[in-house]
Amino acid sequence: MVDVASKTGIISQIIGPVVDVEFSSGDLPKVYNAIVIDAGDKKVTCEVQQLLGNNKVRAVSMTSTDGLKRGASVLDTGSPITVPVGVPTLGRIFNVLGEPVDELGPCNAESGLPIHRPAPSFTELETKPSVFETGIKVVDLLAPYKRGGKIGLFGGAGVGKTVLIMELINNIAKAHGGVSVFGGVGERTREGNDLYAEMKESKVIDEDKLENSKVALVYGQMNEPPGARMRVGLTALTMAEYFRDVNKQDVLLFIDHIFRFVQAGSEVSALLGSMPSAVGYQPTLATEMGVLQERITSTNEGSITSIQAVYVPADDLTDPAPATTFAHLDATTVLSRGLASKGIYPAVDPLDSTSTMLQPEIVGTEHYATAQRIKETLQRYKELQDIIAILGLDELSEDDRLTVSRARKVERFLSQPFFVAEVFTGSPGKYVSLNDSIDGFNRLLNGEFDDLPEQSFYLVGDINEAIAKAAKLKG
């Protein structure tokens with residue numbers, strides 16, 4: 001038992017979100033412990049960051065410090081911030097402290113876990129790389145995800161990032177019996193609200209039976225103090241770890257936005273008086289990123305596959321924030337505005353998206369060869385587009401005309417109707433297995449369907465649907 005009397009202190013200084021607390025005895029709280037300030041009408045939780053000597057600690061607040069004053073009473077909880085975990089978290093929205101913020105009453109979770117935990121030991125890790133099938137053709141075929149890997153999601157506003165995220169949440173639940181945790185790190189409150197509304201509409205969150213929902217949401221939005229934005233990723237990760245380690249499930253962890261996590265760490269670092277590093281970032285940037293990323297992995301029990309939205313400041317890939325993130329990524333999914341404007345969804349760029357899994361030793365020679373042929377065909381089409389724009393299709397050689405024809409079919413066949421978009425499009429969603437994708441594209445590139453019209457390949461699932469659609473168009 002913690003001797004509460006010896007674990008109380010008083011505020012000696014407040015500088016914005018940073019609070020210095022003096023403890024009367026030498027019994028100081030540990031670094032990363034949560035301490036609670038009693039401000040009369042509200043309780044403010046802070047996290048201890050530094051031990052200053054002379055019985056003083058420096059802590060960073062997780063909520064606003066408005067209304068706090070020197071001399072206010074502070075209690076050490078004896079442990080890091082502890083958040084609820086398990087099935088009761090599904091369908092709910094939490095803040096960094098694990099408190100529900102969706103006005104649906106308390107979360108009746110039986111257990112809680114501290115947000116600061118060690119990464120799985122080396123002996124617990126799964127060492128054989130395996131592909132995580134998503135049911136989305138363009139992803140599985142050209143930039144496959146690693147089970148327990150980290151994927152960077154690049155894309156501006158309005159190119160379909162949210163819909164892709166929701167489809168992945170839906171597919172992991174159906175195909176893998178898994179769940180998802182969404183960590184909104186320093187994003188707009190409006191976006192968080194829109195995502196919640198869209199998830200309810202597409203039944204990713206089941207309002208009638210919350211336990212049937214497929215996702216738990218954790219938000220630390222951009223109006224919150226830097227301490228909350230810095231730790232909300234760990235709160236989401238802790239909830240995901242429980243599903244992996246205790247429920248032995250495959251989990252998808254979305255972090256939107258990993259850059260805001262770095263940005264919040266930079267703010268906290270400056271507030272704590274650390275000497276800034278390159279471009280003004282915190283000197284501990286690589287360590288902070290490593291602590292978060294090393295906990296995202298596959299174990300012998302289950303896996304956490306993480307999809308992280310990556311913002312590139314001023315499109316500078318050498319900026320320390322994206323550069324540090326890239327070191328941890330296994331795959332990148334790049335969304336293209338050009339494809340979105342053509343109406344090809346998901347607007348994943350087949351030439352810019354990459355994956356370390358796309359090796360013949362891992363995915364097999366047939367998959368690898370098919371992916372390379374698709375990329376070569378699309379690359380040739382891209383090179384010919386300038387000539388087509390100036391001189392027209394008729395000026396191309398017979399071979400090039402055939403390449404262009406097949407490339408346009410490939411481009412359209414990479415589109416796919418989504419389950420979560422059924423509400424908007426009216427066409428039923430499709431989950432396409434990897435084997436069906438490989439078979440379909442192989443036959444297409446071998447010239448088996450050169451006589452079928454382009455539009456028969458647009459927004460269909462497997463190749464048989466394209467054949468049926470072509471027959472319907474002719475009929």
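Keep in mind that glycine also has a Cβ here, set from the backbone N, Cα and C atoms.
As given in Swiss-Prot:
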BINDING   GLY155, GLY156, ALA157, GLY158, VAL159, GLY160, LYS161, THR162  ATP binding site
Listed in sequence order, residues not in GLY155, GLY156, ALA157, GLY158, VAL159, GLY160, LYS161, THR162 with Cβ within 8 Å of the centre of the ATP site Cβ atoms
LEU335, ALA340, ALA347
Using DSSP reduced to three states, classify THR162 (ATP binding site) as helix, strand or coil.
helix
List nothing but the one residue from ALA157, VAL159 whose Cβ has the fewest other Cβ atoms within 10 Å; the candidates are the binding-site residues.
ALA157
